[in-house]
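Record features (Swiss-Prot):
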- 1-56: topological domain 'Cytoplasmic' (TOPO_DOM)
- 78-93: topological domain 'Extracellular' (TOPO_DOM)
- 115-181: topological domain 'Cytoplasmic' (TOPO_DOM)
- 203-219: topological domain 'Extracellular' (TOPO_DOM)
- 241-251: topological domain 'Cytoplasmic' (TOPO_DOM)
- 273-301: topological domain 'Extracellular' (TOPO_DOM)
- 323-328: topological domain 'Cytoplasmic' (TOPO_DOM)
- 350-362: topological domain 'Extracellular' (TOPO_DOM)
- 384-420: topological domain 'Cytoplasmic' (TOPO_DOM)
- 442-452: topological domain 'Extracellular' (TOPO_DOM)
- 497-508: topological domain 'Extracellular' (TOPO_DOM)
- 530-799: topological domain 'Cytoplasmic' (TOPO_DOM)
- 57-77: transmembrane segment (TRANSMEM)
- 94-114: transmembrane segment (TRANSMEM)
- 182-202: transmembrane segment (TRANSMEM)
- 220-240: transmembrane segment (TRANSMEM)
- 252-272: transmembrane segment (TRANSMEM)
- 302-322: transmembrane segment (TRANSMEM)
- 329-349: transmembrane segment (TRANSMEM)
- 363-383: transmembrane segment (TRANSMEM)
- 421-441: transmembrane segment (TRANSMEM)
- 453-473: transmembrane segment (TRANSMEM)
- 476-496: transmembrane segment (TRANSMEM)
- 509-529: transmembrane segment (TRANSMEM)
Amino acid sequence: MDPGVEKKKQQMELVDVESGGLPVERQDSLFREAVRAEHAGAAHWDEQDSWGRTMSLAFQCVGILYGDIGTSSLYVYSSTFEHGIGHPDDVVGVLSLIVYSFMLFTVIKIVFVALHANDHGDGGTFALYSLISRHAKVSLIPNHQAEDELISGYSSSGKPSATLRRAHWLKQLLEASKAAKISLFLLTILAIAMVISDAVLTPPISVLSAVGGLREKVPHLTTDQIVWITVAILVVLFAIQRYGTDKVGYSFAPIILLWLLLIGATGLYNLIKHDISVLRAFNPKYIIDYFRRNKKEGWVSLGSILLCFTGSEALFANLGYFSIRSIQLSFSFALLPSVLLTYIGQAAFLSKNPKNVANTFFAATPISLFWPTFIMAIAASIIGSQAMISCAFATVSHLQSLSCFPRVKILHTSKRFPGQLYIPGVNFLLCVAACVVTVSFKTTVIIGKAHEICVILVMIITTLLMTIVMLLVWKINILWVALFFITFTSTEAVYLSSVLYKFTHGPYVPVAMSVVLMVVMIVWHYVHVKRYKYELEHTVSTDKVKEMLESHDLKRVRGVALFYTELVQGIPPIFPHLIEKIPTIHSVLVFISIKHLPVPHVDTSERFLFRQVELKDYKVFRCVARYGYRDSLEEAKDFVVTLLENLQDYIRDVNLYTDEPHTISAHSSCNHSFSREKPSGRYAVHAEDMLTPIESFSEITALSNYGSDRLPHFKASKMNMEELAKIEQEQMFIEKEMEKGVVYILGETEVVVRPHSSLLKKIVVNYVYSFLRKNFVQGQKMLFIPHRQLLKVGISYEI
């Protein structure tokens, strides 16, 4: 059948219903896609559950996720025994601590608990915050819309139960308390700042540990020479980031797998050759003996021992497209035995050679395997560092979607893998910081002390957010939640106290970096929220818009104008400012808001929301383009084509229904609660009136709350060809105006504080924020807007 005929047939079928008492829905442009996307998501996970795909993913994730954890064995013992081994049994005590710390934090907490808190395949602190944000309105930006909850995979409810009531109570508590919202936000950005600081410290400590192995063969090498070799490798590592890893990424898994086999075999060799009795470390009594014997020094050493599970946070954050089963399989059968064997083997070696603790890993390597091990160590350390650098890029991208970071240029290095990012400015700063850290600290022991606080703080914050997820999202038994919370907060608090005791010996560096990052995030987010609230309070009224559109001085020009605004509700105050300066309006005007939702991805079929602004003859529309925090913005040309196609669909849908007074209005006196029902029995009506700050973009009211006499009426049981032709004519008008040209109108808002504001507020807004805004990427570059089609409109807000 001809596609055009089929399309018209579907339109006729859509309205071929009787209006008398049948619950009908006034669909928004996206509402009809929700169930389709939901089924698509189910099919996706079914595909992931196949064993063939699981085994393939298990192999691939070895190279992407395990590089950092797999190279920690290069420096753990040397960092722990900084002043030498005091007692022969200390080696067994430390090994016991390493084994149980690794099992508790990496295996149990991350691999078998935290991975289940992934956000549709995305992990890390940001994913946990997004999960919480979807189930409770904790965002500080007042731009939530009822339609957001219609996005497939947004959130779900459950059957009435004690756990559900507890979750509802927690939801109300988080939404009602501004202090709770701010605390949750600060915890999240602190963890994110620590992850970025970790990306500065991981490359130096990993590469420096690997390069340090040269001293086993070239003992006359000085510390400075080792440092400068490391710096050279780091510069090359950061320089190649612009090319992406998709061309060489396929080799990561074989390299890391070979590395794990190598260190596992070497560990087994050392265990058999030197001292098999170190296996008694699996008895936890040696941990107690270690603390009794060393007292304060044993407690202080915990900070270095926690380096054995560094990389666990990156494993969770870089979860990406890997399934939970694939990670658990590869972790259990590849990483876990290899890592345990290498720590056990090094302990066996140290029990017979306690003076070789400064470079335990390479000293314990058989002579015949030294050079292969050295080369593999360099390669593995680079791959492990690459994972943290990529994690930093993704984190900055997520921060921008949260409106917590200035605009930076983000490049996608792979068409095949959309998640591979490169941020030139961030890459340069990471490179400089990593080189400065290497040259300043010179040894892995000091860098390790700095690294410790990043690892433990991210772990603690993950525990806190996981506890909220268990109560609010998972809704599991309170006893399991209490067990998880008490076990991990108590043990992590002990590790944190050990790290803080050595604060002046290294941890102050990542703390200082994190403070700077947090100041930038807080200032940017604070001003963004204030500016948004200002625009919301000064939204242009319906009467004012009608007055401007009906003005005789207002001229119409051919073409389409896209007016970008961050406001998702109503018309921004910059619009009358533009009309006052340039009394001209295009034939089609679309107010566009780019909005990021707390979901990883928004399907293109669910991207756009439309609403027409009165007067309808003027063809003025409001549009919200919704993206997930991992979605990238399209090129302007592609974006416009997709937008106008969806606009034409909206015009078709909205004209299928009458605008008789019976249509339920947003201003109706019956203002019932919003409802979100699937299209299987109950439907909803969307208001057509232009929005005010207190209204949703398209308010949804359950029709069951109304009498049958108040249901929307169709023009006829079947639309005639004349009406269909009218719809097609309006669609053609949009298409012709697009051919005349598209103009992008971008507001340049200068934010200043009121004259009588406090000195601190003046410094934050007038100086710090102003500096950030002027020295980072401008809006048109972020949106890929061609310069010759750009019109900037300046305005100043006093907040």
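Glycine is treated like the rest: Cβ placed from N, Cα and C.
Taking every listed stretch (57-77, 220-240, 252-272, 302-322, 329-349) in turn, the largest tally of C-beta pairs under 8 A with the transmembrane segment (476-496) is reached by 302-322. Ranking 94-114, 182-202, 329-349 by CB pairs under 8 A with the transmembrane segment (57-77) puts 329-349 at the top. Within the same chain, residues 68, 71, 74-75, 226-227, 229-230, 233-234, 237, 359, 361-363, 365, 370-371, 373-374, 377-378, 380-382, 384-385, 388-389, 434, 437-438, 441, 443-444, 447-448, 451 sit at least 6 positions outside the topological domain 'Extracellular' (203-219) and bring their C-beta atoms closer than 8 Å to a C-beta of that stretch. In this chain, the transmembrane segment (329-349) lies close to the transmembrane segment (252-272): three or more C-beta pairs between them fall below 8 angstroms, excluding pairs fewer than 6 positions apart.
Stretch with the most C-beta contacts under 8 angstroms to the transmembrane segment (182-202), considering only 220-240, 302-322, 363-383, 453-473, 509-529: 509-529. Counting Cβ pairs closer than 8 Å and at least 6 residues apart in sequence, the transmembrane segment (453-473) and the transmembrane segment (302-322) reach three or more and so form a contact. Taking DSSP states H, G and I as helix and E and B as strand, the topological domain 'Extracellular' (497-508) has 9 helix, 0 strand, 3 coil.
Between the transmembrane segment (302-322) and the stretches 94-114, 220-240, 252-272, 363-383, 509-529, Cβ pairs under 8 Å are most numerous for 94-114.
Most Cβ pairs under 8 Å to the transmembrane segment (363-383), among the stretches 94-114, 220-240, 421-441, 509-529, belong to 220-240.
Highest Cβ pair count under 8 Å relative to the transmembrane segment (220-240), across stretches 94-114, 421-441, 509-529: 421-441.
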